[in-house]
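Asker: What follows is a structure written as structure tokens; I'll ask about it next.
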Amino acid sequence: MAEDNGNPIWKNRVESWKEKKNKKKKPATTKVEREAEIPPEQQMEDKPAPDASQPLSTIIPIPKSRLAPYRTVIIMRLIILGLFFHYRVTNPVDSAFGLWLTSVICEIWFAFSWVLDQFPKWYPVNRETYIDRLSARYEREGEPDELAAVDFFVSTVDPLKEPPLITANTVLSILALDYPVDKVSCYISDDGAAMLTFESLVETADFARKWVPFCKKFSIEPRAPEFYFSQKIDYLKDKVQPSFVKERRAMKRDYEEYKIRINALVAKAQKTPDEGWTMQDGTSWPGNNPRDHPGMIQVFLGYSGARDIEGNELPRLVYVSREKRPGYQHHKKAGAENALVRVSAVLTNAPFILNLDCDHYVNNSKAFPQRFDGIDRSDRYANRNTVFFDVNMKGLDGIQGPVYVGTGCVFNRQALYGYGPPSMPSFPKSSSSSCSCCCPGKKEPKDPSELYRDAKREELDAAIFNLREIDNYDEYERSMLISQTSFEKTFGLSSVFIESTLMENGGVAESANPSTLIKEAIHVISCGYEEKTAWGKEIGWIYGSVTEDILTGFKMHCRGWRSIYCMPLRPAFKGSAPINLSDRLHQ
């Protein structure tokens, strides 16, 4: 079983451990000797560029002249609120004491809620990011690209309610990102097992071979064709290549033909045949019963897949529909996201994950906060959410970090696995801040809640801690260590997936057999995989709540992770807004 499941990745890790052991055995050399061994010209090359040493982002406080009036109003309201409650409590209504008491309790509750709502608005901050510094640090000329890989998750359920053309535009905007193609993978979760979604992705993968090189050649924004061609702007602005007009006209014609093919698929799917759907090769579609079907995975594009019309590599595009059987809890969207976490870990294992709803396309190809299209001038349904995005989220960023709101969020994969953040260096306390001059040098006893948090954090980090002495074990003992340290009780019965959770920088072994990985990916999306594990309880998206996104974010904050709110001048992601009252109320 070890030969079939985890051997390729495991061998890769064993080789890296052997290299570390050999490095430890080599005699240490002084810094002067090491520098003497390197030619002067190479020493100059190793020095980072000036911008590379600068921080990748900075906090820009909002001017006090803008904050002071708002803070003054808050303080005045608090004073008035205090006077109001003093009057209410000192003047009870004896003739209707029960009603008076009830109203006072309700008023106190609303006042308390209002006070809590003021905390995020007290200290809002802005952030400015520097992509050129990121490039200077990780994309040095003549050296391997060190930018981190990103796995994109797009989830959909019912293609008749979530139009395939909208989902396709989201996918196309991801595939055309201004980022190294070998660092981008797009996973589509079809939780309704609809053949319409599958067939539309087939068409989308084919159209991407034309659309992606067109976007990158002419620096198109946005890179979702539906929204690019519908812009009422001067599309010739800043374009200097003579062939642009001709190629744009041809691309628009190709996109309209592509839309017709998608619309034909949608029209065909309006009425389900009595015998169920049949694929082009004549076999029955496995997802004819959306509540009882096997797991399905299809890799459309990627390293060994189809290339674009110019012969260049395209990002990986993967269709995923997890297994569903009667009698199992599937946990809706949270369960589908957790299935994508496991599949992506087996196939690509990027250290960062970015999840999007199927109707949220990438509006800024250089971004890695959502806004909405289709909003009427008066914004009668408050789709812009100005207070939330421009006040509350910036205010939370100034305190402990914003909450996770379901889409447009980048995760460190290790945070989803329940691990704590990398430990920060501890600095010795200065003598001026200690109290040794007036009291014995005793450590202050820790609060019980702090002790509990420390114990839980040690438990969560036990997997990594137990690997510190792994150099002392042989290959068989190492394989046994996985089960002995209760990895399987936490992550499930997949040695390949467990291996991936231990790779802090992500990646898949080059020696891994693709067919073996696909089989393992099918295994980790089986409906019984999460039974008696920590999925949905301590790791991944958390179950048991309609707002699984906020609950998941709170879990990460409790483990010590920080969240950052990034709002570039050009919004990173845009989505489709409700256009009538019923849709707004449903959302």
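Cβ coordinates come from backbone N, Cα and C, glycine included.
Annotation comment: TrEMBL describes 1-57 as region 'Disordered'. The feature transmembrane segment is assigned by TrEMBL to 68-85, 97-116. The UDP-alpha-D-glucose binding site annotation in TrEMBL covers Ser155, Lys161, Glu162, Asp191, Lys332. Look at TrEMBL and you will find Asp191, Asp549 tagged as active site. Annotation comment: TrEMBL describes Lys333, Asp357 as Mn(2+) binding site.
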Asker: Residues other than Ser155, Lys161, Glu162, Asp191, Lys332 within 8 Å, Cβ to Cβ centroid, of the UDP-alpha-D-glucose site?
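Answerer: Same chain, not in Ser155, Lys161, Glu162, Asp191, Lys332, Cβ within 8 Å: Thr156, Val157, Asp158, Ser189, Gly192, Lys333, Ala336, Cys358.
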Asker: Taking the residues the record says bind UDP-alpha-D-glucose (Ser155, Lys161, Glu162, Asp191, Lys332), how far apart in Å are the two Cα atoms that sit farthest from each other?
Answerer: 16
Asker: Counting only residues 6 or more past its boundaries, what in the same chain has a CB within less than 8 Å of a CB in the transmembrane segment (68-85)?
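Answerer: Here the qualifying positions are 104, 107-108, 111, 114-115, 118, 121-122.
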Asker: What is the number of other Cβ atoms found within 10 Å of the Cβ of Asp549 (active site)?
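Answerer: Asp549 (active site) is surrounded by 21 other Cβ atoms within 10 Å.
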Asker: Taking Cα atoms as reference points, rank the recorded positions Lys333, Asp357, Asp549 by distance from Lys161 (UDP-alpha-D-glucose binding site) and give the first.
Answerer: Asp357
Asker: Sequence gap of 6 or more, C-beta under 8 Å: which same-chain residues meet both conditions with respect to Lys333 (Mn(2+) binding site)?
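Answerer: Result: Ser155, Val157, Asp191, Trp541, Glu548.
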Asker: Give the distance between the Cα atoms of Asp357 (Mn(2+) binding site) and Glu162 (UDP-alpha-D-glucose binding site), rounded to the nearest whole Å.
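Answerer: Roughly 10 Å, rounded to the nearest whole number.
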Asker: Counting only residues 6+ away in sequence within the same chain, which have a CB under 8 Å from the CB of Glu162 (UDP-alpha-D-glucose binding site)?
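Answerer: Long-range Cβ contacts: Thr156, Cys358, Asp359.
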Asker: In sequence order, what residues of the same chain, 6+ apart, have a Cβ less than 8 Å from the Cβ of Lys332 (UDP-alpha-D-glucose binding site)?
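Answerer: Counting only residues 6 or more apart in sequence, the Cβ neighbours of Lys332 (UDP-alpha-D-glucose binding site) under 8 Å are Asp191.
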Asker: If you count Cβ atoms within 10 Å of the Cβ of Ser155 (UDP-alpha-D-glucose binding site), leaving out that atom itself, what do you get?
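Answerer: I count 23 other Cβ atoms within 10 Å of it.
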